[in-house]
4 protein chains.
Amino acid sequence: MSGNTFGKLFTVTTAGESHGPALVAIVDGCPPGVPLSAEDLQSDLDRRKPGTSRHTTQRKEPDEVEILSGVFEGKTTGCPIGLLIRNTDQKSKDYSAIKDIFRPAHADYSYHHKYGARDYRGGGRSSARETAMRVAAGAIAKKYLASQGIVIRGYMSQLGPIEIPFKCWDAVSKNAFFSPDPDKVPELEAYMDQLRRDQDSVGAKITVVAEGVMPGLGEPVFDRIDADLAHALMSINAVKGVEIGAGFASVVQRGTEHRDELTPEGFLSNHAGGVLGGISSGQPIVAHLALKPTSSITTPGRSINIAGEPVEMITKGRHDPCVGIRATPIAEAMMAIVIMDQFLRHRAQNADVQVTAPVLPQL
Amino acid sequence: MSGNTFGKLFTVTTAGESHGPALVAIVDGCPPGVPLSAEDLQSDLDRRKPGTSRHTTQRKEPDEVEILSGVFEGKTTGCPIGLLIRNTDQKSKDYSAIKDIFRPAHADYSYHHKYGARDYRGGGRSSARETAMRVAAGAIAKKYLASQGIVIRGYMSQLGPIEIPFKCWDAVSKNAFFSPDPDKVPELEAYMDQLRRDQDSVGAKITVVAEGVMPGLGEPVFDRIDADLAHALMSINAVKGVEIGAGFASVVQRGTEHRDELTPEGFLSNHAGGVLGGISSGQPIVAHLALKPTSSITTPGRSINIAGEPVEMITKGRHDPCVGIRATPIAEAMMAIVIMDQFLRHRAQNADVQVTAPVLPQL
Amino acid sequence: MSGNTFGKLFTVTTAGESHGPALVAIVDGCPPGVPLSAEDLQSDLDRRKPGTSRHTTQRKEPDEVEILSGVFEGKTTGCPIGLLIRNTDQKSKDYSAIKDIFRPAHADYSYHHKYGARDYRGGGRSSARETAMRVAAGAIAKKYLASQGIVIRGYMSQLGPIEIPFKCWDAVSKNAFFSPDPDKVPELEAYMDQLRRDQDSVGAKITVVAEGVMPGLGEPVFDRIDADLAHALMSINAVKGVEIGAGFASVVQRGTEHRDELTPEGFLSNHAGGVLGGISSGQPIVAHLALKPTSSITTPGRSINIAGEPVEMITKGRHDPCVGIRATPIAEAMMAIVIMDQFLRHRAQNADVQVTAPVLPQL
Amino acid sequence: MSGNTFGKLFTVTTAGESHGPALVAIVDGCPPGVPLSAEDLQSDLDRRKPGTSRHTTQRKEPDEVEILSGVFEGKTTGCPIGLLIRNTDQKSKDYSAIKDIFRPAHADYSYHHKYGARDYRGGGRSSARETAMRVAAGAIAKKYLASQGIVIRGYMSQLGPIEIPFKCWDAVSKNAFFSPDPDKVPELEAYMDQLRRDQDSVGAKITVVAEGVMPGLGEPVFDRIDADLAHALMSINAVKGVEIGAGFASVVQRGTEHRDELTPEGFLSNHAGGVLGGISSGQPIVAHLALKPTSSITTPGRSINIAGEPVEMITKGRHDPCVGIRATPIAEAMMAIVIMDQFLRHRAQNADVQVTAPVLPQL
């Protein structure tokens, strides 16, 4: 399989660069009969869109998605769904100055060594712009999964040094940060304003949760659902770490502490993050991602050009000072795509299975 | 693709349970002409083997691997390589008491809900025993990669609360913990002895490093080399988190701090962990894994049986008090398999590419 | 993998129905640095286009393809190439009469039973319209393969009962039938005119040849190059049979007759059709496809509706009386896509291989 | 995916050469709860076995299969099933004379050019010996499909020039030829005896039929069930052509003749061979394969050695004068594997679909 296709049964194939004519995707394997329209996809795209607050990049893209195929009379047909988003606000002249320079912490150097050349405008294929298509495809998965009682939501759990405790889901959509704690928002805004004055950037941590997932999803030994999630989430630009449940905190935990005991009323804890032996247990699936600070900052830095000569590097253009701020919808989308794919794979092999043991209610 | 096959070009397919007749694997896609013998595989298998110290499980398995195909006159032919390891020391009577019980923090509950039944003996397919085949397959990859100047090595970087600084590679093979600091070993031994008396277990952190990797490996956007690594490492039993380079420390880092500047003499740091934009940069690829504490402990715990009735659970049998102790060879193997697969994929598409820009030397 | 993606390394993913907004494709895995423009694709699309002669369907589609991504400054970048063709001449009112009827020899009945409903307009996804995208993708493969000295061409070798001997390649592009014998054309025209008056249709046989293929392409045992070709060609609408080399004539051949002997000057015959043991031998790869007669004919026939009641069926609309007439470019495209994929797969695994035995020249 | 794995959900991975230690396979994706034992596989293996009549190769292999994993208490667990068959009767000294020679119509030349060397003993991986594993894997598929009412059977429909009409299924298992007409057997035996005296070989045609297949199986546009079948059947050694239904006879058929009309009582014919638009229609799926004459014949022929020098070639060893004689179980196995894989893929996507239209009974 190619690197631009994700999934085995519910497959998402994308193409498109930051400054090319358009972004395009083909989503294959969606069951037929699912009500679907461009509006269903647009709301998640709007959550991701640049230019919606002073804290994110100032590029203005309407990001309007068009459905090209796979939907008839308002429902999916089971045939592949083509999606298209035209790029309209490319400012290509912003980038010609860097065409022969490798910007530090960007993909320039590695893309050049892989392909011998690169579309230097705005990061080309390495730009986070391609994630728009992941969000559109993820919206299709979310729609179907909702009909199965599965809900996937995320939030920012840390911005730089500021930890953000979870208060409620309602708060998340009411601020530009996807913060689940409305009281933290002023602190976050002040921090970001200072960051902009410092001409710097900072990392973030995102938490994404899937509730209502039935037990049994996951394809051991290699395509365990947590392995698939790690793959999907680590494939998002700027992600440097992925944890499930207790994650790296498990390192110092004792077995007596980490294990989630079972009672007829349910599990007593969820350090496992909803995954046991690589298979969903019916408990909420909880994942955390670490995003590195934005690479495009206006503070000068040392680098080299393609001849190997030293240069001083200043990035211009319009950039996010914290990529984490727009990452939440992308993480939700990737989790939805994984769970959709695993749902179909499990149904394929095990639709005949009769299970007598009761399913424990969610924690 | 099925869940028991890993890789696109260098593919590893495994089968086998803890208490079945044998473990088996088929490794496909290895280039022809590579010198290979069972001895090449045996040394890594011996590093992983149970029963080699008092700190690991007391099950005695010779883990002798036999090559069934794909090698002729001492060299690979390019045809698929079959591998076989017979199970000899199953003590199946140890497990009949738990056949109707879901042990907490084990895969019993989720396997039961997936398949309707499970091979309850020793964890069946969910047992870490299947990792023997990953190590054997990984040894084939390591052999080929060594001929390309790529070396993959790992060590334990933390045992429970005890952080282990890196001193030297030589130390790693000289103690049962894969500790890179010989001076820490007495402290680790004392800690483990106490853990055994407490009838408990603890987690660990493993670090694995690939050196000599040429720039250009990785298949964006979904099969970035870090995404593939996350998939491969998270698929190892008991892993709950994966980081690349600075990992979760990136969350609090500023962009000016995180970015690895470039000079003609080389990169000035390696927070990226050897991966930029999902493609290798030529710097050492550094990954860390978090392993949860062993689930099989002899301290009683609450659970339920398949009728949903509460039971008190005591695990018997022979178990690792810290699975991290044997995880290092498995992590090395998975990293080798990923890099092998990515190496072939890169060569497939880009063998014609001429790159004039110089490759920066390793940090 | 999904059913709308073909290939392992050079992958082609398509979407789009006969009467939807557009056809779309994503081609992934093309090496970078290949000169490519929409004009390169348009010439093959024009060869396939409907409405170009009185012998093919009268639907007028400009079939203008747009490249959405993957090309920069006139060359491929190595990133996925998105392609778009808008549908402009759908006459949807032609089809409402048949929305609840299963037309015989069409896919209506089987699509209905698979998906529970179907886009009944013009055959929806089952329409041959989707093959436009295969031709566009195949043109990309043809371009790269030409740079490797590989040329892929096809012709009609039989129209109904009329066998067409091969005279020369030049003739093929000079008539509407892709006939390699100019002297046969009047007979073919007369036959087709009579067929239209009879309100009937007939089958055809297409021959497609790849010359200049180096020995060594093919991935035994399952992805032999002839097996891949059979898959690719049988996936074309209306194909009912595929042969390689002597094909079904091999049934009656003696071993002494069938075998292609080798001399230092070359092979003495090519009954093998360029494939030995599933791997290319360096001889021309020769495949033949059998196409069934068009299902959409205006002669009434018996059928049923979705309630299971008998109906009399007359197809209206604009249809090819012989689908074979436009099949040649599609067969060429599929052969190009297979050889491209196999070329990259072979290079991945065997780029290091040194072969001392001489390559025999083509027959 | 690698070339030694077939299938997307029900995947079969094989390894093993003619003269290596063993043949091995891993079958993944089989639903749990299927009763399975080595005896279930052995009967089909015995049908394929060499040395069972004077008309097939005289190599004596017990072909005893061992199940290594994936079965517990007599039923499949859903975990991958490992299979092993030891080679016992290799006569390797038979082949040393040909180690530097390319035998005509064998894979020697193409394997040498692909891998730079080859296991010359008995054809190595190119030998038909590997098909034993396909038959074992196919037996697993057959078992499950039988529980769904699907039966797959084949027979020889032509031996060289002798056409064999279908009389009854009972006859097929009662003679060494898999002839469905008992009256033809003396003629076939006499022909074969003469062939042996002539030191020659001849081709054959096999017909394989799947009955009871529900409508809806097939994954357009590329993984149509007929395309998958063509792939699977063409991948069998010595196959040079595949037809579905009327196959190459469709070329001369009129549309009015070829189309299978529908009535409430059923289809009136089955020229389609059970496949419409690449999806099963519920009618028997009928495929025919053309097998070329055995390449290993004792009549001398011209060839070259690896230095490119001319040699005269006489094959010794123990060979089938007509490979078609043992091909029937292999063709059945491949058809079973395809239908199994397609069955799971269809269930994955379309398990929710409600179809009100009645399913027509089989012709």
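Positions of Cβ are set from backbone N, Cα and C atoms, glycine also.
The following features are taken from TrEMBL:
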type    : residues                                                                                       : note
REGION  : B:36-61                                                                                        : region 'Disordered'
BINDING : B:R48, B:R54                                                                                   : NADP(+) binding site
BINDING : B:R125, B:S126, B:S127, B:N237, B:A238, B:G277, B:K292, B:P293, B:T294, B:S295, B:S296, B:R318 : FMN binding site
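All protein chains included, B:T294 (FMN binding site) registers 26 other Cβ atoms within 10 Å of its own Cβ. For chain A, the nearby binding-site residues by a Cβ gap under 8 A, listed in sequence order, are B:R125, B:K292, B:T294, drawn from B:R48, B:R125, B:S127, B:K292, B:T294. In the three-state DSSP scheme, B:T294 (FMN binding site) falls into the coil class. Across the fold, the C-alpha of B:R48 (NADP(+) binding site) and the C-alpha of B:A238 (FMN binding site) stand 15 Å from each other. Secondary structure from DSSP puts B:R125 (FMN binding site) in a helix.
Proximity to chain D (Cβ-Cβ under 8 A) holds for B:R125 out of the binding-site residues B:R48, B:R125, B:S127, B:T294. The 10 Å shell around the Cβ of B:R48 (NADP(+) binding site) contains 22 further Cβ atoms across the protein chains shown. If you take the C-beta of B:A238 (FMN binding site) and look for same-chain residues 6 or more apart in sequence within under 8 angstroms, you find B:A128, B:L291, B:K292, B:T294, B:S295, B:V323, B:A327.
Of all Cβ atoms in the protein chains displayed, 19 besides its own lie within 10 Å of the Cβ of B:S127 (FMN binding site). Classification of B:R48 (NADP(+) binding site) by DSSP places it within a helix. Reduced to three states, the DSSP call for B:A238 (FMN binding site) is coil. Sequence-distant contacts of B:R125 (FMN binding site), defined by Cβ-Cβ distance under 8 angstroms and a gap of at least six in the same chain, are B:G16, B:E17, B:S18, B:Y111, B:D119. For B:S296 (FMN binding site), other Cβ atoms within 10 Å of its Cβ number 20. Counting Cβ atoms from all protein chains shown, B:K292 (FMN binding site) has 30 others lying within 10 Å of its own Cβ.
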